[in-house]
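What TrEMBL records for this protein:
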BINDING   114, 157, 161  Fe cation binding site
ACT_SITE  158  active site
Ligand SMILES: O=CN(O)CCNC(=O)c1cccc(Cl)c1Cl
Ligand code: NI
């Protein structure tokens, strides 16, 4: 079971490496890893388990954060619509790729955080508002999905990780809270 001890922190060069594509269909080992990554996210969002296991909450996780330089990400984005309590996006993506993205940009009003960053880094992380992502699932099936708003932001944060990019690389150092016209703020 993945715990915080398995997550590497800033300074570990793996976080700045470009991760390697994995064979498709994924090996049994990579399927197991993906399942453990998704389970970690679910545990981190369960108040009892998070407390018990001392987990920081997460809605996404990338294999490089476990010092595994492979292009595998997991996302478990809870639904923000009380009418639809089931998760809005919960999956493991193998070799994810952004095929296209909107010109329109978006950011989370409260900024972003990262389990590999043991500090608050204030500022807007401006990203594409909508993306089209291709990926393979655990069975080796190809998928192409269009994502928007929070889901799109999270997947971009994770795909950044497999490309050695940290969320604060996108923050405007001169004025972290500067927003150009037209950037959608997601709360
Ligand atoms: O790479 C994944 N993590 O570091 C897990 C912890 N961070 C989050 O869950 C998180 C928090 C805020 C905004 C975004 Cl976009 C994300 Cl992803
Ligand atoms: Ni992160």
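Numbering starts at 1 and runs along the chain as it is shown here.
Glycine is no exception: its Cβ is also placed from the backbone N, Cα and C atoms.
Predicted automatically and left uncurated, TrEMBL annotations should be read as such.
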Cα separation, residue 114 (Fe cation binding site) to residue 158 (active site) (Å, whole number): 10
Validating a neighbour-count step here. Other CB atoms within 10 A of the CB of residue 161 (Fe cation binding site): how many? 23
Same-chain residues at least 6 apart in sequence with Cβ under 8 Å of the Cβ of residue 157 (Fe cation binding site), in sequence order, are 60, 112, 114, 125, 127, 167
Give me the count of other Cβ atoms within 10 A of the Cβ belonging to the residue listed as 'active site'. 22
Residues near the Fe cation site, 114, 157, 161 excluded, by Cβ within 8 Å of the Cβ center? 60, 62, 65, 112, 116, 158, 160, 166, 167
In the three-state DSSP scheme, residue 114 (Fe cation binding site) belongs to coil
DSSP says residue 161 (Fe cation binding site), in three-state terms, is helix
